[in-house]
Amino acid sequence: MNELHMPTFPLDGVRLIEASAGTGKTYTIANLYLRLVLERGMDVPQILVVTFTKAATEELRDRIRRRLREARDRLARGALEDDGDLGTLLRQAAGTPEEIGNRLEGALADMDEAAVFTIHGFAQRMLTDHAFESGAPFEAELLGDEHALRRAAVEDFWRRRFYDAPDADVAWAADEWGTPETLYAQIAGLLGRDAARLLPADAGGEAMRLAERWQALCAAARAAWDASGEAAAETLRASPALNRRTYNAKAVETALDAFAAWIEDAAPVPGRLPERIELFTPDKLAAATKKGQETPTGTLFERCGELVELAPRLARARRAALVAEAVDYARGAVDEHKRARSLLSYDDLLTRLDAVLVSADGAVLAARIRARYPVAMIDEFQDTDPVQYRIFSAVYAATDEPPPASSASAPSDGAAQLGLFDGIEEPDRREGRSGKAESGEEAELAAANEHSEAVSNAAWAPRSRSVALFMIGDPKQAIYGFRGADIFAYLTARKTAAEAYTLGTNWRSSSALVDAVNRVFARREKPFLFEGIEFHPAAPSPRADDGPLVVEGVQPPPLACWWLPNGGDKPLGSGAAKAQAAAACAHEIARLLGLAAAGQAAIGEAPLAAGDLAVLVRNRYEADEIRSALAAVGVASVFLARESIFDTLEAVDLRHLLRAAAEPGDTRALRAALATDLLGVDAAALDALNRDEAAWETWLDRFHGAQQRWREHGFMPMFAQLMTDCAIAHRLLAEPDGERRMTNLLQLAELLAEESGRRRGFEALLRWLDECIADPDGDDEQQQLRLESDESLVQVVTVHASKGLEYPLVFLPFPWAAKPFKADERPILFHAESDFAACADLGSEAREDHAKLAERERLAEDLRLLYVALTRAQRRVYLSWGRVAGADASALGWLLHGGQGIAGRDDVTLRDELLALDGGSGRLALLDLPAGAIRAPAPPLPAVQQARHFAGRIDAGWRVTSYSGLVAGHGERAELPDYDAVAADEAAPPARPQRDAFAFPRGAQAGLFLHALLEKLDFPEARGETLAQAVRAGLALHGFETEWQPAVEALIGRVLDTPLDETGLCLREVARADRRDELAFYYPLAPLGPGALNELLARDGALALDGERLAFNPLRGMMKGYIDLVFRRDRRYYLVDYKSNHLGDRAEDYAPPRLAEAMREHRYDLQYLIYCVALHRHLRARLPGYDYARDFGGVFYLFLRGMRPADGPRLGVYRDRPEPALVDALDALFAGGERAA
């Protein structure tokens, strides 16, 4: 492989550039770009640069612009003789200094039009800009994520396949998968853009053949049982030839009973055998035959042996057939769904461009792309997949061979199915300024018409001397296999590239650390397992040792490794090893920070800071271990992972919170919200709410208010109000990881606020949140976790998230942790050794061999992860090692010990193999675990800031109040939907044998249920099954026993059918269009004191409030309340309040005298006067020509338990129609028209 020398690197042809870690990949791309401008005179829009994330496109665009500016400034200074690449590149540029300067100025002016795209952005632009060649219609809509479509397709398949299936099939499916979610989890990886080759190829046919064989064997076994079953049973029970330890009486009888039951089963599950059937098989009989005795034989035993041999094969084949069927159905269903709705996913952009390029007309489109972009640079090429590889090879390769192996054939009508989109990802580009693109395009099209070339698997040749493709990446850093990247696509490209180059100078790490990492990977001839992924030792840069790490006056070795003692003969368990390594890591970090504070630890002239330290982990569980250890020694940290925000506890908690805000009347939803960490109500407090009506009503009020704010003002105002009212930030930030959790919550809120602009209504937004939680996508940049602090803190980072980053010191505490591949019932994903095609073994005969290939690929990726981790550091890396259980399966275990089992090897041997990395070079320090307690120095206190003095005046009398606040003796309580007062002794009513309205449970929960039920019902239709379903659902939702169903149905029927006055008016006659339920109101309240209100009410006589006069603090602000029901009848408006109060167990207990007493006792008469004023104001504002005497019908307080149609308004109905003068006087008083003292 050639060392890349920038000034002489060829600017045409197909070139592969392997850029090892720290060797300046982005710098190289910027220099190549500069050379294309200077030497080939290319315009900015002609140079295509493709990478994999939007953040990377911005970084590349910025680095290229800076390099062009540096060249322009150097040229302007005339400093062309300076050392370095830039001076050399300027000297060899074509043209006079003035011409070169014009080219650079023009390139800088055009940088906003630079063709720097993500791979999806490039595909989208090609399909849209070349709609004629691609046959793209104009109506397609871009779909961000199709996970939800795939899940729905699998669920639909499950319904179609099993809902009407025979019981045996249903039982089998339940045993194998249990739910469609489990099936989806198994096959989700098979539904992506480049379909894996399914093995066995004819899974359905194989399953059918084996099923037929199974049926024949079952029939033969039944026949043999009928013919010789008794004799066989006697043999098993009493044959002297058999060892009775195996064939003891209990085992034999269990086997015989199970076999007899299986024989009698008319439809046994195929592949499922009876318990202990192995006792019937020739192999088991032979193994249990006493020495010198003859093994019992018989037709039944032979058939059972054949069944036992066939059963696992049939089970495997059935499973494979079902999975293949599900994959095929889901793929087709998703494609059909998108086609019918003109939807395209991001993956479709690639597959459809691929389909067009390999079609008969693909050469025309390829020629146009080459003409537009004669030169393409593909950044991070090691992260390509087969589809992406085929796209670029189709455009820039030229042979007659077929493309690299694809496991799924491209659709023949791909060109006719393409879509065109609005909202292109990158800004519009224009063709070259000089007209070269046009002339080049004509030449390419002429060539395409003469000869349509196929994509190649063989060596690539450039289309012309003007065409170039530079593939830039590092196969040693290909670590994104979990999201579709395919190292085997890179290996194919490497074979086909005309020339390969390497960047050999490490500009990141010190010379000692470069040498140490070289030693780690040089221990094996093939340190990355696969042919084509080579390790070339890196060389340090000339500035490698500037600013060394100095600790206590010395430069420590670049590799430090704690030895983890096991303290016994057995290997150290992984749990104990993690605890030891995490503690050692935290101790060393605290020690270093303490030394830095004392001036004893520095990098160059700068004291070592917490932000210089990074701890690399594989997942959040390891991160939690490390962060807990750091917190224990007083070290603050931040966590960075390439994980989805929707895969966090905060996402689940927020879903519960929003569900309660959307449906505050749903008791279960509200209790679930209260139990979250966001609200922090523990089990004891939740239980206490059952008995504390005031506290429960406070929560109800809070969430009813949230619902109203959400409906009227949108998501974010509602969320902000809940954050304030419920003190969520205070609660979360008090937790040890409070900043992390608070950051997660705010990021979720931001995403929900953005999505709420695209989805109307509570349910639509909550469904979207549910879908995101069900299928989190850590590859989506918007979903990725954000850093919780901008402070200079110790960074805990996943290895995947650390790629592309660098840190002065790196801690890798768990390099021995590994998760070997286990061949369970899931499909085995691997690549064929012959053609690198992606395969999925669903249950083939070669499954064990394929499992070994999958394990080899797992180890290979772990080796690449280890390489990424070790090469993030600039000055020093800390590791831990020891005789840890499972360490031999790790990447470092393979490099150190060749993958040999370490459990049986002693510590001395293992330490010697570890020290062999050093070889006397002084590069490795083997450390014992630190002893003694330590504490990091406290960070310096921030400057004390003093709040400005507030000289204003806050009006303490302004508040939101309600009838409840007035009668309670103060004015601060805001009313919530009235779910009835409950006497202290009503929480536990005496037991009654009957289940009727009087015996129905009492209290706030009962009132909530009955109010919610009446609100939901359409009164005229509330009969029969319609009513029964509503009652059934309500009882379950509010936690009542189903035995109350008849009593509640009867109660509701009586309430709706009872005449409310002498005219026969009843609720049954009120249509849904003529009613408003839970009508909330706010109206301004002028300064009000108890004296004025008492005086006004006393003047009324009959309607004056009896008993104790009202006493509350003077107030002003807003009056708030909820009216259970307002309905319209014969152009008059009526006000209704439901009361579930228990007044007695007899109908007579709900007669007028007792109702009047209850009304006075709870001051409901003041309540309905307040309600009347609210409705009076509303109707006056909304009803033209409104007249209270004509338009207001009156007030009904319905005591639900006592209502009887036969008794009419005589029982359970309290009615009134306040005089207009009283309502007008109250209205005026509340508005400030009367004395308010």
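Here, residue 1 is simply the first one shown, and the rest follow in order.
Placed from the backbone N, Cα and C atoms, the Cβ positions cover glycine too.
For Asp1137, the entry in TrEMBL reads active site, for nuclease activity. If you draw a 10 Å sphere around the CB of Asp1137 (active site, for nuclease activity), it holds 21 other CB atoms from the protein chains shown.
Around the Cβ of Ser20 (ATP binding site), the number of neighbouring Cβ atoms within 10 Å comes to 23. In the three-state DSSP reading, Ser20 (ATP binding site) counts as coil. What TrEMBL records for Ala19, Ser20, Ala21, Gly22, Thr23, Gly24, Lys25, Thr26 is ATP binding site.
When secondary structure is read from DSSP and collapsed to three states, His1011 (Mg(2+) binding site) falls in the helix class. As annotated by TrEMBL, Mg(2+) binding site applies to His1011, Asp1124, Asp1137.
Positions annotated as compositional bias 'Basic and acidic residues' by TrEMBL: 426-439.
Annotation source TrEMBL lists domain 'UvrD-like helicase ATP-binding' at 1-510.
The domain 'UvrD-like helicase C-terminal' (540-804) scores a mean pLDDT of 89 in the predicted structure. Summarising the annotation, TrEMBL assigns domain 'UvrD-like helicase C-terminal' to 540-804.
What TrEMBL records for 1-921 is region 'DNA-binding and helicase activity, interacts with RecC'.
Look at TrEMBL and you will find 423-448 tagged as region 'Disordered'.
For 957-1237, the entry in TrEMBL reads region 'Nuclease activity, interacts with RecD and RecA'.
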*Rounded Cα-Cα span from Gly24 (ATP binding site) to Asp1124 (Mg(2+) binding site), Å*: 71
*Residues near the ATP site, Ala19, Ser20, Ala21, Gly22, Thr23, Gly24, Lys25, Thr26 excluded, by Cβ within 8 Å of the Cβ center?*
Thr28, Asp474, Leu503, Asn506, Trp507, Arg508
*Where Thr26 (ATP binding site) and His1011 (Mg(2+) binding site) are concerned, what is their Cα separation in Å, rounded?*
66
*Of Thr23, Thr26, the binding-site residues given in the record, which has the fewest other CB atoms within 10 A of its CB?*
Thr26
*Neighbours of His1011 (Mg(2+) binding site) among the binding-site residues Ala19, Ser20, Ala21, Gly22, Gly24, Lys25 (Cα to Cα, within 10 Å)*: none
*Provide the number of Cβ atoms within 10 Å of the Cβ of Asp1124 (Mg(2+) binding site), excluding the reference atom itself.*
22
*Fill in the CA-CA distance, Lys25 (ATP binding site) to Asp1137 (active site, for nuclease activity), as an integer in Å.*
74
*Which Cβ among the binding-site residues (Gly22, Gly24) has the fewest C-beta neighbours inside 10 Å?*
Gly24
*Just the number: how many Å between the Cα atoms of Ala21 (ATP binding site) and Asp1137 (active site, for nuclease activity)?*
74
_Cα-Cα distance linking Ala19 (ATP binding site) and Asp1137 (active site, for nuclease activity), given in Å to the nearest integer_ = 76
*Counting other CB atoms within 10 A of each CB, which of the binding-site residues Ala19, Ala21 comes out lowest?*
Ala21
_Taking 10 A as the limit, how many CB atoms besides its own sit near the CB of Lys25 (ATP binding site)?_
21
